[in-house]
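Okay, so here's the structure we're looking at.
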Amino acid sequence: MAGLIVVLLGMAMPLASAEHDYGKALSKSILFFEAQRSGYLPGNQRVKWRANSGLLDGKANGVDLVGGYYDAGDNVKFGLPMAFTITMMSWSIVEYGKQMAASGELGHAMEAVKWGTDYLIKAHSEPFVLYGEVGDGNTDHFCWQRPEDMTTSRLAYRIDVNHPGSDLAGETAAAMAAASMVFRHSNPAYSCQLLSHAKQLFEFADKYRGKYDSSITVARRYYRSYSGYGDELLWAAAWLYHATHNRCYMDYLANNGGSLGGTGWAVTEFGWDVKYAGVQVLAAKFLLQGKEAQHAPVLGKYQQKAEYFLCSCLGKGAHNVQRTTGGLLFRQRWNNMQFVTNAAFLLTIYSDYIASAGRNVACAAGTASPAELLLFAKSQVDYILGDNPRGTSYMVGYGKSYPRQVHHRASSIVSIKADPSFVSCREGYDTWYSRKAQDPNILDGAIVGGPDVYDDFADERDNYEQTEPTTYNNAPMLGVLARLHAGHSGYNQLLPVVLSIPGVPVKNKDGNHIPPPQPSTPLTALSPPFTIEQKATTSWESKGRIYYRYSTVVTNKSSKIAKELVISISKLYGPVWGLGKSGNDYTFPAWLDSLPAGKSFEFVYIHSASPADIIVSGYTFV
């Protein structure tokens with residue numbers, strides 16, 4: 001009978017591939033951002049059917065606002081979702097840059113971030129001035145034109161001390177801070193520039209408080225800030241702490257957690273408006289890393305709320321997120337996929353955090369393991385890529401069946417390179433919008449709004465709730481797809497990831513590649529019954545000096561559990577992550593109190609010298 005049930009279920013569901021090509025999906029997800037570019041397109045532009053657009057943006061306001069991204073299927077540059085997009089792309093790289101590099105996509109992902117941050121730098125024209133929108137949805141939506149043909153208003157709108165917008169300034173600060181981590185080693189000057197902007201924007205957001213849509217009223221109909229600005233202030237502080245390790249930002253996160261909602265709000269959504277779940281997961285990471293022990297009680301409250309969100313997604317919470325019949329997380333009919341991709345990202349990174357810490361999540365309806373979190377995230381990605389009752393991929397260009405009539409001006413109108421004839425405002429509606437045929441340009445990688453609660457989907461251009469893509473649908477998918485494609489590789493997700501220039505080895509002044517230095521002494525022989533293996537995992541040059549990131553793995557080769565480990569390190573000239581400090585020596589990190597037989601743990605350090613001398617100088621067995 002059980003076999004019969006399986007057969008019947010199989011008959012009810014369209015056939016789907018056993019394994020998806022996550023690497024291909026990753027490549028397409030990044031490519032989508034090139035189709036959303038505004039401004040002067042670069043020589044290495046890969047989406048060839050697009051051309052320059054918005055070249056006078058900001059001119060009427062006396063400022064250069066050329067560049068950036070169109071948020072969706074229209075031609076408006078909305079600052080709040082654009083900044084959130086940059087934050088999530090950057091977070092994806094911060095967590096899974098190694099996997100992106102292994103997929104050959106790290107360079108493209110970093111270019112996508114920089115296209116956005118270059119614009120955000122322009123938009124932050126003065127310390128307490130930030131332009132938050134170019135164009136307006138009302139006039140833009142009256143027309144259906146290619147970006148290259150735009151005749152609609154390109155007036156720019158800003159916030160300042162008399163017209164505040166803490167949510168917009170806070171999100172932009174978070175984006176700048178997160179992006180500064182992406183470029184810290186490949187472009188340190190640019191990274192410092194981004195951090196400078198982030199700090200100014202955070203001060204602006206905190207000092208002059210108010211909702212941005214009370215100042216930029218034209219945004220209300222499209223990106224109203226329903227959650228207010230408390231979540232963005234905490235979000236910005238969390239990212240600034242992550243980027244700088246400056247205690248003042250941790251103090252802000254801890255001291256304002258209650259008043260701004262970070263430790264009080266238990267939410268079941270995460271996206272461009274509501275950032276609480278993202279803040280809570282970041283704070284939980286800081287706690288698991290053993291940072292700022294004096295704030296551990298408050299960070300623990302953040303972690304409880306983070307796990308409330310994750311348990312709700314898994315269906316093990318006190319208040320669970322609704323799902324479609326086919327198993328997709330469902331919050332609303334209009335662009336539901338934004339909530340799915342962002343939830344999948346938080347589930348993925350948290351699964352790796354707790355796997356590194358050796359713990360599970362205690363939900364109201366039972367325990368959830370790291371593998372369970374990752375498996376559920378994977379199920380959401382697989383649904384998007386075609387494992388669903390319709391057998392439809394909701395990523396354009398991926399699979400055999402995907403949306404062909406996307407609600408997107410640029411893709412639905414013939415390319416200006418194929419037909420340079422001007423398409424007027426209303427002509428676009430008459431000739432192209434109402435056309436019952438597939439788009440002339442394939443919007444590769446775009447993730448559309450997706451199906452309704454019954455898994456139904458109508459591939460029609462005027463069905464904007466389901467067929468319109470957005471940048472913030474795609475941004476978190478970069479990290480999830482990189483993780484699913486390249487796997488885990490046994491690294492510790494709680495240790496810092498250092499990204500060097502993609503594909504560029506460190507060279508000396510003569511142009512010759514410099515190999516990483518090796519340990520001067522076979523230190524494994526000095527530490528029985530433990531082995532210590534060191535390896536230089538990356539290197540970069542800064543101010544004439546070559547820095548190395550060393551991964552160190554300590555393995556218990558005995559048949560007993562090791563406790564009270566003491567590690568002595570000499571010839572160390574830089575910071576260490578993943579160990580506790582005890583006088584002049586080091587101990588287990590805060591998340592580890594013993595090392596079982598045959599098990600290992602990893603820590604890393606960075607300095608501009610040969611590997612340090614490391615030995616296990618003390619321990620007890622139980």
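Placed from the backbone N, Cα and C atoms, the Cβ positions cover glycine too.
Taken from TrEMBL, the feature signal peptide covers 1-18.
According to TrEMBL, the active site annotation covers His407 (among others). Sequence-distant neighbours of His407 (active site) (same chain, 6+ residues apart, CB-CB distance under 8 A): Gly73, Val448, Arg461, Asp462, Asn463, Tyr464, Thr467, Glu468.
Summarising the annotation, TrEMBL assigns active site to Asp459 (among others).
What TrEMBL records for Glu468 (among others) is active site. Counting Cβ atoms from all protein chains shown, Glu468 (active site) has 22 others lying within 10 Å of its own Cβ.
According to TrEMBL, the feature domain 'Carbohydrate binding' maps to 530-610.
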So what's the average pLDDT for the domain 'Carbohydrate binding' (530-610)?
85
Non-local Cβ contacts of Asp459 (active site) (under 8 Å, 6 or more apart, same chain)?
Pro403, Arg404, Gln405, Thr467
Its residues classified by DSSP, the domain 'Carbohydrate binding' (530-610) shows 0 helix, 51 strand, 30 coil
